[in-house]
Each structure stands twice: as structure tokens, then as C-alpha cells.
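Step one of this worksheet: look at the structure below.
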């Protein structure tokens, strides 16, 4: 039975807090422990939740056997492991205390509150994905998620941050709750707990907008160029693209350790990312799950990081649902509440890219590996793909190692004193001629394969003669992918690097609009090039530059690299050579 201390003092000093007889300070009230010897912080407004004092973590450990009997070995938020004086403990967010299993740590980590199944989950929030403790009220938070007001049948304030007791109204101007009995300070909501029936939340969207990671994790690039998940927030991604370290540490790849001033821990291996559940903007473009499609000032789609967001008229920013865009202050407003508005990010293609095989790594004339892979022979004699560029193919014909490593026995890779696990090769895909089809701008218009739909001055669509191009804001010009439009200088600019991949040639057909010779033709918006066999092939650029290897070509204004796999910029490209077709072609 919990004995409440100084209830009258609690009511009078709800905001100021309460000092317990033993000298400790509690934000709401003090409760005498069951033994009657010690005090703990409690909150009578949340009914009478059992609260006990937490214990300090003591001693480092790797496994439970390193701790005394009755202790557990816990991973802390700092990435270290320490012994907890509970047989089944839970690490607190302060990294210094722990609580028994079945208890939740307080914000300062000094007390533990028991939230058993009989208490937690009594209040189900709409959708049955989140729940609040008994005698609490579900309220929407500012980010659209569910929060809990620590009072039964509470009034949720329209700022989505605060709440008031039942029967009271929110006075956000004076930050008070108004009731017939007087005024009270506004109460602040806390996040709702995900129910046991709810699926794990994946709120961390990676920069490629195609991969997502679980809550409290960090996106890190893998050797394949894709993204994986480091299982802790704000982690440090190591340069080997295989490991990661806790925040405020340094990757020591030679010793395979994470180093900080206070401690050393082992490197962590990244986990694969998860595909994003996409929100379709149109037939070709999509945004990550939980985002909203909004038009950018270029006419292209952008993604706002809110569900059911409000797209601002400047075509750059967006606001949470229910808010209004205030362009003068650069804020989102809801009543007296103001929050900074968010900037949209470019949406990504959601349908298979017609150029998907263009960047493949060719193994021979019939087989290829994805971009940033290496062709390696399998034990069958066929080609396999190692999921990293310029990799070392191991003699067992099963594994491969990163560049600079040596293949060791049992599938390991070694570089100096460092050992990592080898990667298994994947099957190649057979190279086939792409089906030629137009790129749809909308339901009524399209552009040829290898070009990009851009909005025109007339409000309709026009075609840029480059794939995945950047549409300039003047709606008359476009630039290659990776460049920005400089409207005043009338140039396409790139801060660093002036390289783009070259394009593979396709076989010339017997019919077409551009005559090559010897009865061979290429389609409109293509160029004729001699292939490696001396015949004719088609380059998907207008006035394209044919590479010496007879397999690739580059846009006008570029020249081919020595191997023909890259296009090097001669000088800053002027956009007067990148004019688009006056009108797109209708879909058939």
C-alpha cells in the first residue's frame, strides 16, 4: 500500500515540485516505499503506480557470467555493457541506472515505475497501434503520432503539445488551464507506447528515399552503395561501409574497436535496410511511407516528411496536417502555435527504370552485374556478382573480399591485422535488349526513352534530351543529372566532379528516322555510331559523341574516358545545346 506524502503541498505546488523529507526533489509528489524507510517519486494523478528506486550500473561486462550472481549484463545507450543488480534488468536512458524488467525508468533514471499489462494498455488509442496508461488520455502530438495526457478524460489542447484536466479549457496565450475552480498550469503530453500487437516502427528514412531503418537506428551506406541500418541512434558510419560505432566515438578499423575518451567497445556490424512502403504521386514517382507528395517549383514531385501534409504555395516548403503555411515568417501556424516549416525533398522513380541495365558492369557479351559490383567466376564456371566495386575474387569461387584485402581460409578477408568476413557472390543477370517505350509524363503525354519530362512555359510538358535531367526553373532549359541550373549565367554547374556514366549503344534497326548507312537507321533523338564489330549502333543522345570502344557514347559537350565507361565534361555545359523538344509525343 502506497502512503502519499504532502498531498496538499502537491496540489499547491504542482509545477514547482516537491522536496521529500530525505532531501530528494520530485517533480510531482513523494511516496513512502512499502518498507516505510525510503521515499520515491510518484504521481497520484496517474492513479497509484508502483514506484521503486533504480540501481546504479556497476562494472563492465561482455556476458552475464562477468557479473555477480543475481545481476544481468545490459547494453547501455553509450554502447558499453555494464552489470545491473537485477536478475532481469532494463537500462535507463541516462546510461548510469537500471530498473527491473516490467518497470520503466523515469526521465532522470533515478526511479522505476511498474507499468504492468493490467495498467498499461487500459486506454487504447485509435487504430490500436498505441496505448496510454490507465487514467490517461490519448492526444495527437505535433508530429501526428499519439501521445498521452496524464489525466483521465483530459482536454487535448490545439497546439498538440499540452493538455488540461477534464472540464478545463486551454488558454495557450497565458499557458494556463481555465476551469470553474480556478487556473492551473498546462500539462505536457508524453509519447504513447506501441502495443505488443503493433508492428515495429520504421521511421528513419535513408537518403536514397528507398530504404528505411527501425526507430533509434542510423542509416549507413553499405559497400554495395545501398543503405543498411546501424542499431543505435546518431551512430558513426565507419569508412569500410561494413561497421559502425556509437555516437561521439571514432572507428578504429585496425583494432576493430570504437574508441572514445571514456571507453572502448567492439565495432558493430550494420544490418540490411528495409524497402520503404511508398506513397504513389503518379504512375512513375513515389515518396516514402509517412510522407506526402507535393509539387516543387520545377513542376516535379517532392516529398514532405509529414502524413497528409499541407503543401505551401512557394512549392518549396510544407507543414503538418491542420497547420497553415505562413510565408512571411517561414513557419507553420495553428492558432497561437508556431513551428518551423519543413523543406521538401525530391521524389524518386517508383517504376522500373528503363535505363536500369545501362549502368551494369558487363562480364561478357551475355552477362552483367549491377552497378558497383564486380564480376567473379563461380565454381560452375559461370559468372557471379560480388556486391562491391573492384573486389578481389577468391580462389574458392564462392567468396570475394573488399579492394586491398586478401582472401583467407574459411571465407575471411585480411588486411594487415584486420579480419572481416568475406561476401558471397550473387548470380548475374542475363543482358537483354531493352524494350523501347516512351517515358510517361502523365496519362496523356510522354517523352522518348532516355529523355526526361519537364514542365514547359505553357503549363504543359516538354522533353529534355537527357535521362533523369534537372529541369530548370525558367521552364525553358534543363541540365544533366547531378548539375544545377545557373539561370543568370545560362550554364549547368556542378561543384565537384564532372563525370557521368556513358551510355551503352543499341543495335541499329532496319527502320527509323535517322539514316546511318548500309540500310540501318536510328530513331529520332538518337545518333548513329560504329559498334565494335564495324556495324551500326544507336546512341540515345542527339548529336552524341561515339566512344572508341564501340560500345558506349556520351552527350554533346562531353568526351569519353579512356575505357569508355565515363563521360568527362570538356567545360561548363551551356544549356543552349540541351534544348528540349517543343512538344512531347502522346502515349499510344
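Even glycines carry a Cβ here, placed using N, Cα and C.
Lifted from Swiss-Prot, the feature list:
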type     : residues : note
SIGNAL   : 1-17     : signal peptide
CARBOHYD : 38       : N-linked glycosylation site
DISULFID : 125-138  : disulfide bond
DISULFID : 132-148  : disulfide bond
DISULFID : 281-293  : disulfide bond
DISULFID : 287-303  : disulfide bond
DISULFID : 294-311  : disulfide bond
DISULFID : 304-318  : disulfide bond
DISULFID : 312-325  : disulfide bond
DISULFID : 319-332  : disulfide bond
DISULFID : 363-375  : disulfide bond
DISULFID : 369-385  : disulfide bond
CARBOHYD : 372      : N-linked glycosylation site
DISULFID : 394-407  : disulfide bond
DISULFID : 401-413  : disulfide bond
CARBOHYD : 525      : N-linked glycosylation site
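Sequence features annotated in Swiss-Prot and their locations in the structure.
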residue	record	DSSP (3 states)
132	disulfide bond	strand
293	disulfide bond	strand
304	disulfide bond	strand
311	disulfide bond	strand
375	disulfide bond	strand
385	disulfide bond	strand
394	disulfide bond	coil
401	disulfide bond	strand
525	N-linked glycosylation site	coil
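Under the three-state DSSP scheme, residue 319 (disulfide bond) falls in the strand class. For residue 303 (disulfide bond), the Cβ neighbour count at a 10 Å cut-off comes to 27, with all displayed protein chains included. Counted over every protein chain shown, other Cβ atoms within 10 Å are most numerous around 332 among the disulfide-bonded residues 281, 311, 325, 332, 407.
Taking residue 125 (disulfide bond) as the reference point, the disulfide-bonded residues whose C-alpha atoms are within 10 Å of its C-alpha, out of 132, 148, 303, 312, 375, are 132, 148.
Between the C-alpha atoms of residue 318 (disulfide bond) and residue 332 (disulfide bond), the distance comes to 8 Å. In the structure shown, across all protein chains, 312 is the one of the disulfide-bonded residues 293, 312 with the greatest number of other Cβ atoms within 10 Å.
In this structure, 375 is the one among the disulfide-bonded residues 132, 319, 375 with the smallest number of other Cβ atoms inside 10 Å of its Cβ.
Taking 293, 369, 372, 407 as the recorded positions under consideration, the smallest Cα distance to residue 363 (disulfide bond) is found for 369. Listed in sequence order, the disulfide-bonded residues near residue 304 (disulfide bond) (C-alpha within 10 Å of its C-alpha) are 293, 294, 311, out of 293, 294, 311, 325, 401.
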